[in-house]
Amino acid sequence: GFLFAEKCPQLPATEFADVTAEMYPLQTILYYTCDPGYDRKYGVFPGIQCESEQHGAAWKYNQFKCFGKKNLSSMVPMMELELTQKPEREPSSPAPQEREDLSEFRQKDFCGPPKTIPHASIRLPQEHYVGQVLHFKCQTGYDKRPPTSGNRTCKEVDGKIIWTPLDMRCINDS
């Protein structure tokens with residue numbers, strides 16, 4: 001039977017820290033937002049969801065795209081934009097390395113980083129599911145005292161779903 005992942009409690013706010021994730025449990029929904037000056041293709045849902053496929057978890061994509069607002073008719077500015085675009089990240093080769101910290105979860109129930117869409121960025125999920133690991137890193141200027149980065153994991157402990165504590169504080173020593 002398909003296992004419905006349990007939702008995590010609201011993530012406690014962490015001041016002055018950037019939060020990222022590398023793996024996303026099944027059912028996670030991520031949303032793309034277009035960069036300033038770009039509009040999304042009309043009528044296309046900007047969300048993607050991590051779904052269970054035969055070979056494991058995979059993102060289900062829509063035809064989401066971001067277009068430059070200024071003079072769409074003329075192709076010349078578009079050509080220039082292509083050149084300044086951020087290069088796609090190389091897909092990491094599927095090396096058979098075991099990640100120790102994920103031993104309690106079957107790797108196939110997780111989606112990796114979603115594909116990059118030109119002129120769009122991705123927001124962290126609004127809802128997290130059991131197994132989610134988040135990386136916190138103090139923003140520049142607030143990383144005065146180590147540790148300046150850390151992880152929180154959403155897990156079930158004694159029938160309760162919790163976020164593991166974060167042993168870092170990002171401080172403004174002004």
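Each Cβ is built from the backbone N, Cα and C atoms, and glycine gets one as well.
Automated prediction, rather than curation, is the source of TrEMBL annotations.
Feature annotations, reproduced from TrEMBL:
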- 83-104: compositional bias 'Basic and acidic residues' (COMPBIAS)
- Cys111-Cys154: disulfide bond (DISULFID)
- 6-68: domain 'Sushi' (DOMAIN)
- 109-172: domain 'Sushi' (DOMAIN)
- 81-104: region 'Disordered' (REGION)
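Same-chain residues at least 6 positions away in sequence with a Cβ under 8 Å from that of Cys154 (disulfide bond) are, in sequence order, Cys8, His128, Tyr129, Val130, Gly131, Gln132, Val133, Ile161, Ile162, Trp163, Thr164. With DSSP states grouped into helix (H, G, I), strand (E, B) and coil, the domain 'Sushi' (6-68) comes out at 0 helix, 31 strand, 32 coil. Counting only same-chain residues at least 6 apart in sequence, those with a Cβ under 8 Å from the Cβ of Cys111 (disulfide bond) are Met23, Tyr24, Leu26, Thr28, Cys50, Ala57, Ala58, Trp59.
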